[in-house]
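Following: one structure in C-alpha cells, then a few remarks.
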Amino acid sequence: MSRPVRNRKVVDYSQFQESDDADEDYGRDSGPPAKKIRSSPREAKNKRRSGKNSQEDSEDSEEKDVKTKKDDSHSAEDSEDEKDDHKSVRQQRQAASKAASKQREMLLEDVGSEEEPEEDDEAPFQEKDSGSDEDFLMEDDDDSDYGSSKKKNKKMVKKSKPERKEKKMPKPRLKATVTPSPVKGKGKVGRPTASKTSKEKTPSPKEEDEEAESPPEKKTSASPPLEKSGDEGSEDEAASGED
C-alpha cells in the first residue's frame, strides 16, 4: 500500500519582515524560564527537626521563665518568712528577759518586806539588852581577854606535855654489886691462931688509902644474909675468949 502524502505548506518569512532589532528586544523582554529547585528529603527532615527543636526550645524557655518566676516568688516568700521568724525570736527573747526581770524584782521586794519586820523586831531587843556604849565596849574587851586567855592556856598545855614525856622516861638504875660471902668447907676446924686474928683485924695502910679515895658504893644485897654455921660460931667464940 502506498503511504498517504502529507500536505506541506511553504512558509514565506518575507511576509513577516522581522528585523534583527526585534530579536534583540525579544531576548531582552523574555528571559530564560526559572527552574524550580527540588528540595531533597534530607533538607525537608532537617527543616522539620529544626522546627520541632525551635518549638521545644521555645517551650523550654517558657518553662524556665515560669520556674524563675516561681523561684523568685518562693525566695521572696522565704525571705519574708525568715524576717518574720527573726522578729518572732526577738520578741520571744525580749518577753523572756522582761519576765525574768519582773521575777527578780518580785523576789527582791518579797525579801525586803521580810527583812524589814525582822529589823524592827531586833531594834527593841537590842535596846533592852544593851545598856550604854561603854558597857558594850567593855564586853568587847572581855571577849578579847577571853581569846588571849585561851591562847595562854594552849601554850601552857603545850609546855606541860613535854614534862609529862620526861616523867615517863625511866631513870637509869645503879647496878647492884653483890659480893659473894666466902663459904668455908665443912670439917674439923681447930682454933684459930692469934696471928690469923690479928691479920684479919688490922688492915694494911694501902687498903686504908684506897678506901679513903673511893667513895662508898651502895650495896644492895639481893640474897638474904646467910646463917652462921656451927663451926663459924665456935671460931668467933674462941677469938673472943683469947682477947
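Glycine is treated like the rest: Cβ placed from N, Cα and C.
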Practice problem: Given the candidates Ser30, Ser61, Ser88, Ser198, specify the residue that Swiss-Prot annotates with phosphoserine. | Solution: Ser61
Self-check item: Selected residue, Swiss-Prot feature phosphoserine, from candidates Ser149, Ser229
Solution: Ser229
Self-check item: Residues from the same chain, set at least six apart from the ends of the compositional bias 'Basic and acidic residues' (64-77), whose C-beta lies under 8 A from its own
Solution: none
Quiz item: What three-state secondary structure does DSSP assign to Ser75 (phosphoserine)?
Solution: helix
Exercise. Write out how many residues of the compositional bias 'Low complexity' (91-100) are helix, how many strand and how many coil, based on DSSP.
Key: 10 helix, 0 strand, 0 coil
Exercise. Take the Cβ of Ser73 (phosphoserine) and count every other Cβ within 10 Å, whichever protein chain it belongs to.
Key: 10
Quiz prompt | Cβ atoms near Ser75 (phosphoserine) (within 10 Å, other residues, all chains) | solution = 10
